[in-house]
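S.K.: Could you have a look at this structure, given as structure tokens, before my questions?
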Amino acid sequence: MTEGHPDKICDQISDTILDALLTEDPSSRVAAEVVVNTGLVLITGEVSTQAQTNLIDLARRKIAETGYTGEDSGFGANNCTVLIALDKQSPDIAQGVDTAQEQRQASSDERFDSIGAGDQGIMFGYACNEAPELMPLPISLSHRLARQLAVVRHNGQLDYLRPDGKTQVTIAYEDGKPVAIDTILISTQHKAAIGDISDDNAVQERIKSDLWEQVVLPVFSDLVIQPDSATRFLVNPTGKFVIGGPQGDAGLTGRKIIVDTYGGYSRHGGGAFSGKDPTKVDRSAAYACRYVAKNIVAAGLAEKCEVQLSYAIGVARPVSVLVETFGTGKVADEVLLDLVRKHFELHPAGIIEHFNLQRLPGERGGRFYQEVAAYGHFGRNDLDLPWEQTDKADTLRQEALATTQA
């Protein structure tokens, strides 16, 4: 899914707001929701911050960055109406986050028991060895295609493309292993005519040919698995995609949670990421789950690993921690669970500190969360993301080996 999809526009505006507020005030509490439609942007939610930021300017700049700069698309950075309707964070929620139950009841004086989870919920993280970045192959390829689609639009290589677009890859599996590319699907917004080509069928033929040469082939150039004569290649199957973006569909923050994660390959707790500061465990704990799962797979202790955490609002310690390797583990899941509890910090305050989640926007020039708001939060080798590090893999491997030898 490209950055010009209506829901992704909303995610990016929400995270641009989050970046700006955390840059100026790292303790900001943010739940920024955005709605877009033809000619309209609504910024709503709850924010408690000392930061002074022009949210309207932020929204317009992000919209322009995605490519909506003209007035002929029904949605442009300079001609859309931007409305703001924000409240402060509820004090009933804030009191549980500011001081966790463990400290309110004087049951713990541990440092990471100071901050409670910002909500209740279940979070999952996943990793597998299907792609170099330890992601499921279908979502990995889909993101690669979407990013390349944006590249050839931004650099003018295919100057008839417009910002909205989706990609999808269907993989054939045998015995749980990817063996073939079954279908590649690209839906991309485009101008009504390409040069002197105005016939709809001829336009689609040109787009299909260009996308194969300049999007698909470059994406697969360094991969072992390749499309072949049996692979179906579908482009704009309706026959036309001129009206797109917020003019074609309304957009809403947090509506593409499967695209943001693992493409449906693993379970999902239902919580979205964008617009949420890291005290919201929907976001920070999902990042921690990915970190744990990726280190287990990187250590060679499993071919597939799913990690589940759950939290209660206002409570610092996870309610549950589970590890599942789907029969691919080199040691028992119970051994892995013990290693996870020993080596990974899973309190909300600990996750925030370990990943530096409140200060990274300021340290990276005001751009951190918005960079993952499109093209996925996981497996991003193009970005330096703390939850994608595999710095604990060696320790896990050594201790797991010692356990089996004992």
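Just so you know, glycine gets a Cβ as well, placed from its N, Cα and C.
According to Swiss-Prot, the protein carries these features:
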type: BINDING; residues: His5, Asp164, Gly165, Lys166, Lys240, Phe241, Asp249, Arg255, Lys256, Ala272, Lys276; note: ATP binding site
type: BINDING; residues: Asp7; note: Mg(2+) binding site
type: BINDING; residues: Glu33; note: K(+) binding site
type: BINDING; residues: Glu46, Gln89, Asp249, Lys280; note: L-methionine binding site
type: REGION; residues: 89-99; note: region 'Flexible loop'
S.K.: If I take the alpha carbons of Asp249 (ATP binding site) and Asp7 (Mg(2+) binding site), what is the distance between them in whole Å?
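M.R.: About 9 Å separate the Cα atoms of these two residues.
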S.K.: Taking the residues Glu46, Gln89, Asp249, Lys280, which the record names as binding L-methionine, find the longest CA to CA distance and state it in Å to the nearest whole number.
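M.R.: For the residues that bind L-methionine, the greatest Cα distance is 30 Å.
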S.K.: Which of the binding-site residues Glu33, Glu46, Gln89 has its Cα closest in space to the Cα of Lys240 (ATP binding site)?
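M.R.: So, of the listed binding-site residues, the one sitting closest to Lys240 (ATP binding site) is Glu33.
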S.K.: I'd like to confirm something. Which of the binding-site residues, Asp7, Glu33, Glu46, Gln89, Lys280, has a Cα closest to the Cα of Gly165 (ATP binding site)?
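M.R.: Smallest Cα separation from Gly165 (ATP binding site) among Asp7, Glu33, Glu46, Gln89, Lys280: Asp7.
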S.K.: Using C-alpha atoms only, work out the spacing between Lys280 (L-methionine binding site) and the residue listed as 'Mg(2+) binding site' and round it to an integer in Å.
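M.R.: Counting only the Cα atoms, the answer is 20 Å.
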S.K.: Compare the Cα of Asp7 (Mg(2+) binding site) against each of the binding-site residues Gln89, Lys256, Lys276 and report the nearest.
M.R.: Lys256
S.K.: Find the longest CA to CA distance in the recorded ATP-binding set His5, Asp164, Gly165, Lys166, Lys240, Phe241, Asp249, Arg255, Lys256, Ala272, Lys276; express it in Å as a whole number.
M.R.: 36
S.K.: When DSSP states are folded down to helix, strand and coil, where does Asp7 (Mg(2+) binding site) land?
M.R.: helix
S.K.: Can you check what DSSP calls Glu33 (K(+) binding site), collapsed to helix, strand or coil?
M.R.: strand
S.K.: Quick check for the class: what is the C-alpha distance, in angstrom and rounded, between Gln89 (L-methionine binding site) and Lys256 (ATP binding site)?
M.R.: 24
S.K.: Tell me the Cβ contacts of the residue listed as 'K(+) binding site' under 8 Å, same chain only and six or more apart in sequence, or just say none.
M.R.: Cys10, Ser14, Ile43, Thr44, Gly45, Leu252, Thr253, Gly254, Gly275
S.K.: Enumerate same-chain residues with a sequence separation of six or more from Lys256 (ATP binding site) and a Cβ-Cβ distance below 8 A; give 'none' if the list is empty.
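M.R.: Those within reach of Lys256 (ATP binding site), by Cβ under 8 Å and sequence separation of 6 or more, are Met1, His5, Asp7, Lys8, Asp11.
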S.K.: Tell me which of the binding-site residues Asp7, Glu46, Asp249 sits in the most Cβ-dense spot, judged by other Cβ atoms within 10 Å.
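M.R.: Compared across Asp7, Glu46, Asp249, the most Cβ atoms within 10 Å surround Asp7.
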S.K.: List the residues of the same chain that sit at least 6 positions away from Lys276 (ATP binding site) in sequence and have their Cβ under 8 Å from its Cβ, in sequence order, or write 'none'.
M.R.: Leu18, Val30, Ala31, Ala32, Asp282, Arg283
